[in-house]
Amino acid sequence: MQKKFEDCVKTILEIIGENPNREGLIKTPNRVFKAYEFLTSGYTQNVKEILNDALFESSNNEMVLVRDIEFYSLCEHHLLPFFGRAHVAYIPNKKVVGLSKIPRLVEVFARRLQIQEQLTEQIAQALMENVDAKGVGVVIEARHMCVEMRGVQKANSTTTTSALRGIFLKNEKTREEFFSLINSAKQVRF
């Protein structure tokens, strides 16, 4: 598999007019393989294992928000990076999940070929199903290199997506609290 991948990278280099055997490019196919192996490692990770190992009984029924989770992903259309921050909240239903597992959940889905809309939905759905939360809210703000480097070439533009489940979708006050906490948190830095 690795050799096939590296051969493809060599072919790409040749097609664009480069010499894959020149000094600066000799190890490039291997480097690209390792980079893509890491950037797509989410395909080999199991969401249930990550979350179920860190579920704890709790009487808490208030919103839990982990914000400003930095992520990097690859656009499935152009294989170019998009990156930004995810804000993930849930309301427990007799169980809470370890706080470090929420960024891990974001990473599992971000380290796949993605579109931002799908990434947002997958995070929300996985948290809702695996934690049995009363509700989940996810907002992602990201910059897309396929927009900034090619096509319309609009540098520094951001895309915002949201996914709401359960009480976040049904209850306006819960939804307002979620969006308010995300926005007010932008003003506070430790």
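Even glycines carry a Cβ here, placed using N, Cα and C.
Some features that Swiss-Prot has for this protein:
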- C75, H78, C146: Zn(2+) binding site (BINDING)
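Cβ proximity to the Zn(2+) site centre (mean Cβ of C75, H78, C146, cutoff 8 Å) flags the following additional same-chain residues: L74, E76, H77, L79, L80, F82, H144, M145, V147, R150. Non-local neighbourhood of C75 (Zn(2+) binding site): P81, F82, L113, Q114, I115, H144, M145, C146, each in the same chain, at least six residues away, with C-beta under 8 Å from its C-beta. The Cβ neighbour count for H78 (Zn(2+) binding site), using a 10 Å radius and every protein chain shown, is 15. All protein chains included, C146 (Zn(2+) binding site) registers 17 other Cβ atoms within 10 Å of its own Cβ.
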